[in-house]
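K.L.:
A single structure is presented below for examination.
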């Protein structure tokens, strides 16, 4: 049957954490974590960071331990409000360990490492300047997308040359090439927060699931009748979603390699996919001018967000999944209640089509970018424009926040990327060097590395 995926190999499934070891859910808002355990199963300790009162200053709340007791997930927080860059990390962790049996001897070194990483963040200079590090020329045709894994240790590039490449961030060396697609590799994604699997969506109408470590293809998902143009994992890394020019989206079981459900209801191409954090809902944005909210378990459409007068360019949940933001070719951005599907506000100001939209990690700000060459920042609560980002000489196709939410990165067809102050709209830096339009860009999670992908067939790393 056409909708039966081919099975190359069975991917390893995440296993339950050892007793007393906390589960690492790095995808939580402002989390920095370190995975431990054999095979990258993703069990460890997680640190939660919070951003209070819309300030761009980052505060470090403490350690959030997630564990299983009597079959039930539990959480416990440890206050680190008094942590300073000069605090003795070893002495601090030993003191915590004396009163916290969850932090066993086997966890101790990992916790010390994470505390030191927090100390590094506390001591960072806010005026960090990025410097060109390396240009990567391995693709023989233009790039389509770039994406980091959660830790930022490696990243991937998709290309019109039908391949996806995996790169080491620190050295800029190519780790492996994922080959097998018969047409353009257009959509790429890691299964963050784990990062041990990669999904690639192609114009050959298939999606492939790969091992990050070995490059082995676990599954080829077949069933779409047109190009696959967007892919997304749920945070639990049990499903991958594919959106296609055939007007449908499909959900696939990662372990079994089987189709779970087809989401049918749009009347035009689906170009955007986004799971909520709990994994029970997914939104799809379409060229039919609407965004649909779906129940993942049943495949039933819960809400149809109708109001835009042009094609949807992107749609996203905020972190707590209470809001949905949508950008459109009708030059507007709209804010919606994710629970009820009701329209909250229309954000205006751009004079041309909006090509991308995103929330910051705290869900307090919304950023938009447009064909008009400008970007804008809105307050999610008041829906007021708080900053205008002006300086690019041509359209901006991609925009993203760093994890702190105080910096914005834009990619433009004027062959440059720009770094901006999210609060003031001031341009802090112009990243030049590409010889053709830049259509993809990303921060690593800690915000000290940038990658840019261009139509000139290259990717550039900035430190």
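Glycine is no exception: its Cβ is also placed from the backbone N, Cα and C atoms.
Residues annotated as repeat 'WD' in TrEMBL: 136-177, 178-220, 221-262, 263-304, 305-346, 347-388, 389-430, 431-463.
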K.L.:
Near the repeat 'WD' (305-346), which residues from the same chain, at least 6 beyond its ends, have a CB less than 8 A from one of its CBs?
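P.N.:
Contacts of the repeat 'WD' (305-346) (Cβ under 8 Å, skipping residues fewer than 6 from its ends): 29, 268, 271-272, 274-278, 281, 283-293, 352-359, 361-363, 366, 368, 370, 378, 380, 383.
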K.L.:
So what pLDDT does the repeat 'WD' (347-388) average out to?
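P.N.:
Taking every residue in the repeat 'WD' (347-388) and averaging pLDDT yields 96.
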K.L.:
Could you put numbers on the helix, strand and coil content of the repeat 'WD' (178-220), residue by residue per DSSP?
P.N.:
0 helix, 22 strand, 21 coil
K.L.:
Quickly jot the same-chain residues contacting the repeat 'WD' (136-177) by Cβ under 8 Å, restricted to those at least six beyond its ends, or write none.
P.N.:
26-27, 34-35, 183-190, 192-195, 198, 200, 202, 210, 212, 214-215, 436, 439-446, 449, 451-461
K.L.:
Under the DSSP assignment, what numbers of helix, strand and coil residues are found in the repeat 'WD' (263-304)?
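P.N.:
Each residue of the repeat 'WD' (263-304) counted once, the result is 0 helix, 22 strand, 20 coil.
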K.L.:
Going along the chain, which residues at least six beyond the ends of the repeat 'WD' (347-388) come within the CB cut-off of under 8 Å?
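P.N.:
Result: 29-30, 51, 54, 310, 313-320, 322-323, 325-335, 394-401, 403-405, 408, 410, 412, 414, 420-425.
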